[in-house]
Every structure is written in structure tokens, then in C-alpha cells.
Amino acid sequence: MQALLFLMALLLPSGAGAEEIIGGVESIPHSRPYMAHLDIVTEKGLRVICGGFLISRQFVLTAAHCKGREITVILGAHDVRKRESTQQKIKVEKQIIHESYNSVPNLHDIMLLKLEKKVELTPAVNVVPLPSPSDFIHPGAMCWAAGWGKTGVRDPTSYTLREVELRIMDEKACVDYRYYEYKFQVCVGSPTTLRAAFMGDSGGPLLCAGVAHGIVSYGHPDAKPPAIFTRVSTYVPWINAVINTSS
């Protein structure tokens, strides 16, 4: 039951319910050039949003639960209400969901998006490095999440990119999450502070020392930390294999 509540708390974007930034601040415009804003049309025709991040000129990494009938990626954005000159809007050619993804324990919540064309790298649009397969981020590390998600449980999603600093927790802090698995997931956010990713932030990155170690996956419906992020290092071989065969 709790796993289902968690899933409801961050199943997709603004309008369907996905992670967002609570307790954070507005980002300096274009200071996170790898950030991707995903405009999604679901199989039911709903329009929702997720986050993602650019890892090569033609691939964006995000959460598998951000899948949809159609996805358009906006790169180089800060305020998504505006047609900023820095923005590059590209449709997704192919959604590649991890073959072991299961929405009920929400394991392997990772997806690659192949863009219809390669992006132009600029000061506002650039890739972010991934960890090595053996590089596990450890408890106590301070990392950053960013996104255009909700800024409060009852608030709308943000038009401008926001970010929040979060602590990596020991796996014991996520004991309430029945299906949490250390090898595949990261326990993120101190329960003593209300700082979190929330609805609309799903699929966005967790940056530790400039490296994308996590993907916003799911959390409690009231946004109380900690939350669960997909552990990127575990999936680096899969990511590389997909890119090599799909390029």
C-alpha cells in the first residue's frame, strides 16, 4: 500500500503528479545547461511535465515513469513561459525504457530519450558527466536536485528552474520504503528538513560534485524526506550499450 502511495506522489508531471523542488531557490539562469524540460502527452491524452538531463548531443536521461505517447524536450530553458533565445525544442524520436522496469516496486526507473536530431552545444545547452559503474555516492554527501516541479504540496509547478541541496542518507533512513534496494536506488534528503524534489521534478538529476549520480524517482505523498532516486552508476553499462546501438 505504501509503495502505491509513493508512486502516486511522483507518478509523472504537473497534472499527473511527479517530483518537484520544495525548500529550494531559483537557479541562476542557464547555470545548469544540461537540464531538460519534458513536455509529455500521456497515453490518455493528458499533458504533463517531467525533468531530464542531457548526457550526449542526442540523448536525454530521465525516469521510466515519465514515458508518454509523445514527448518534446526543451533544452536551454530557464523560464518555460518565455521563448528564450537560448532554448532548443526537439521532439523525441524514441523512448528506450529499461527492460526490467516495473512500476509497482518502481525499480529500474530509468529511460533514455533519443532526440530527432542532435542538439547544438552552447553556453546554455551542454552535457553533464555520469559516474563510473563503481562510483557509489556515500551517505553524508551533499548534492543538488533541480527542476520545474511544484514548490509545495498544494502549489502549482514552477515556471522557472529551481534547485535544492539534499543530503545522501544511510539506507536505514529509507526503511519505510518497502521496495527500496541500495544497489539500484539512492536514499536522499534529511527527514529533519523539508527540502525535497516533488511533483514535476521526476526524471531530473541529482548532482554530486558536478556528476549526475541520481534520477528523481518517487517519495512520500506529503513530500516529507527522504525520497528515492534511481542510482545512475548501476546503469552506466546499460546507458552506454543503448547509446552505442541506437546512435
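Placement of Cβ uses the backbone N, Cα and C atoms for every residue, glycine included.
As annotated by Swiss-Prot, active site, charge relay system applies to HIS65 (among others). HIS65 (active site, charge relay system) falls within a helix when secondary structure is assigned with DSSP.
Following the DSSP three-state reduction, the secondary structure of ASP109 (active site, charge relay system) is coil. Swiss-Prot lists ASP109 (among others) with the feature active site, charge relay system.
The feature active site, charge relay system is assigned by Swiss-Prot to SER202 (among others).
Residues annotated as disulfide bond in Swiss-Prot: CYS50-CYS66 (among others).
For CYS143-CYS208 (among others), the entry in Swiss-Prot reads disulfide bond. CYS143 (disulfide bond) falls within a strand when secondary structure is assigned with DSSP. In the shown protein chains, 23 other C-beta atoms lie within 10 A of the C-beta of CYS143 (disulfide bond).
The disulfide bond feature in Swiss-Prot is assigned to CYS174-CYS187 (among others). In the three-state DSSP classification, CYS187 (disulfide bond) falls within a strand. Less than 8 angstroms from the CB of CYS187 (disulfide bond) sit PRO139, ILE168, MET169, ASP170, GLU171, ALA173, CYS174, TYR177, TYR180, PRO226, ILE228, each of them six or more residues away in the same chain.
According to Swiss-Prot, the domain 'Peptidase S1' annotation covers 21-244.
The feature signal peptide is assigned by Swiss-Prot to 1-18.
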If I take the alpha carbons of ASP109 (active site, charge relay system) and CYS143 (disulfide bond), what is the distance between them in whole Å? 20
Nearest of the recorded positions to CYS50 (disulfide bond) by CA-CA distance, picking from HIS65, CYS143, SER202, CYS208? SER202
Which of the disulfide-bonded residues listed here (CYS66, CYS143, CYS208) have a Cα atom within 10 Å of the Cα of SER202 (active site, charge relay system)? CYS66
Quick one: pull the CA-CA distance for HIS65 (active site, charge relay system) versus CYS143 (disulfide bond), whole Å only. 23
